[in-house]
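Enquirer: Next up is a structure, given as structure tokens.
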Amino acid sequence: MAASETVRLRLQFDYPPPATPHCTAFWLLVDLNRCRVVTDLISLIRQRFGFSSGAFLGLYLEGGLLPPAESARLVRDNDCLRVKLEERGVAENSVVISNGDINLSLRKAKKRAFQLEEGEETEPDCKYSKKHWKSRENNNNNEKVLDLEPKAVTDQTVSKKNKRKNKATCGTVGDDNEEAKRKSPKKKEKCEYKKKAKNPKSPKVQAVKDWANQRCSSPKGSARNSLVKAKRKGSVSVCSKESPSSSSESESCDESISDGPSKVTLEARNSSEKLPTELSKEEPSTKNTTADKLAIKLGFSLTPSKGKTSGTTSSSSDSSAESDDQCLMSSSTPECAAGFLKTVGLFAGRGRPGPGLSSQTAGAAGWRRSGSNGGGQAPGASPSVSLPASLGRGWGREENLFSWKGAKGRGMRGRGRGRGHPVSCVVNRSTDNQRQQQLNDVVKNSSTIIQNPVETPKKDYSLLPLLAAAPQVGEKIAFKLLELTSSYSPDVSDYKEGRILSHNPETQQVDIEILSSLPALREPGKFDLVYHNENGAEVVEYAVTQESKITVFWKELIDPRLIIESPSNTSSTEPA
């Protein structure tokens, strides 16, 4: 057998080893016959001083690293070796190239080689296709340049100029014709419109004159003719009100309507004063039927004149009240309400009971008294959609079917109409309110600043020194643990800060108080155990640790590092 070659080595640790946490310098007697390479020496040191099997140790002799694959004969007697706990990912799967300068991983080298092979297979086709297309484009461009000669260029410019001139001449002729065609109907329409605007009263004046002539020639048929004329006039005015083409047309119609009824009422009053006997000779049945027809068509009845009997006035008043109810029921929508107001403005101020009747114009706003003896109020046609203040008519009826009508007074039947108390009501206030709000709204350029809470910068624990063994009690350490995540899958946690409460060197168990933030408490899941005590209280054993104190083996800690507090912090914490 070969003689044993024992060597005495002095080992210097950066941090106390797990087996002897109170010292960092040791003497070790090594038999070189048992240690063939430096790796054997490292495994011997790992075994003697309680390092875990996964801990990678590096041996340095006078500042130089002893390669793991070198012979252990490099170590001589009384040599001082520095033992350093290296990072794990430094020397895993490393390939040293001949120069020794570059360290490449096997996986990366394989991937690069595979990519190079694929590139060599696919590149020729791609390059050929790109070159092919580029050469094609270059050839086409060269051909185009060669084909363009100066003569051809001059010919093309001349032909283009001629074409442009021809197009311009044709375009001007066509445009002139089209403009003439367009202007001619427009001019005609404008002329007709101007004529109508200048003479809005001419057809009505003619109708009144014809009516007067017919009255003189045939006095008996004057009442019927007047009713027919009134029907025609009402239909024309309603049609013109329902379909206005523009604002100017509507204004002209308003003027004609405001002037027309007053003239018709004057003529009717004169005729009634001159021929009271002839009108009274007619049968009441015919008058009732004509009044009813007129009320159904127009929705409003003309008030009877002085010469008519009390029976005719009562029948016409009843029919007018019924027609008013029908018209008001149909005017639920804003458009119907607008049409209703316009028709009210048409017949405002026509026939009124009493000798002192005065005509009213439809453009008058609000309410006006018609006369001293009349005692009635007529609504003026207002441009807005809102209804007048009081639209009530007192006919002795006790029921108030429409709340927006005024409270009905009790007047003598056939004599005067009761004055309704003004009750303000607006049918369509939405558009007016919107406009008012838009005008009254004050635009404010106010910006609210939303600031996120200041994120605390994460500590870089990789700069802290690694721990080979458990430090002293009371020291703070940073470590990782293999634990279940919130989805109950095992994973390495982030760095946690903890304080060493106790350490057992024999069992290598460590009690650690976790100082970092714990996860928020939640309801127990499917992997959490719930126990019931005798008193009925529930005890939950979470699969994911929720406690601030843990007891683990030192080997279970991943990358334990010592947290070194700066002297400024320690001095500030100490009492002055």
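Glycine is treated like the rest: Cβ placed from N, Cα and C.
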Enquirer: From SER382, SER566, name the one Swiss-Prot lists as phosphoserine.
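Expert: Swiss-Prot records phosphoserine at SER566.
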Enquirer: Which residue from SER98, SER226, SER331, SER487 is recorded in Swiss-Prot as phosphoserine?
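Expert: Candidates were SER98, SER226, SER331, SER487; Swiss-Prot attaches phosphoserine to SER487.
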Enquirer: Which candidate in SER271, SER330, SER493 appears in Swiss-Prot with the annotation phosphoserine?
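Expert: Matching SER271, SER330, SER493 against Swiss-Prot annotations yields SER271.
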Enquirer: Swiss-Prot annotates one residue of SER217, SER272, SER502 as phosphoserine; which residue is it?
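Expert: With Swiss-Prot as the source, phosphoserine is noted for SER272.
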Enquirer: Which of THR456, SER487, SER489, LYS496 (the recorded positions) has the most other Cβ atoms within 10 Å?
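Expert: Per the Cβ count, the most surrounded site is LYS496.
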Enquirer: Over the span of the domain 'Tudor' (460-559), count residues by DSSP class, listing helix, strand and coil in order.
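Expert: Residue counts in helix, strand and coil order: 6 helix, 42 strand, 52 coil.
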Enquirer: Tell me the Cα distance separating THR456 (phosphothreonine) from LYS496 (SUMO2 cross-link), rounded to the nearest angstrom.
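Expert: That separation, Cα to Cα, works out to 16 Å.
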Enquirer: How big is the Cα-to-Cα gap, in Å, between THR456 (phosphothreonine) and SER487 (phosphoserine)?
Expert: 26
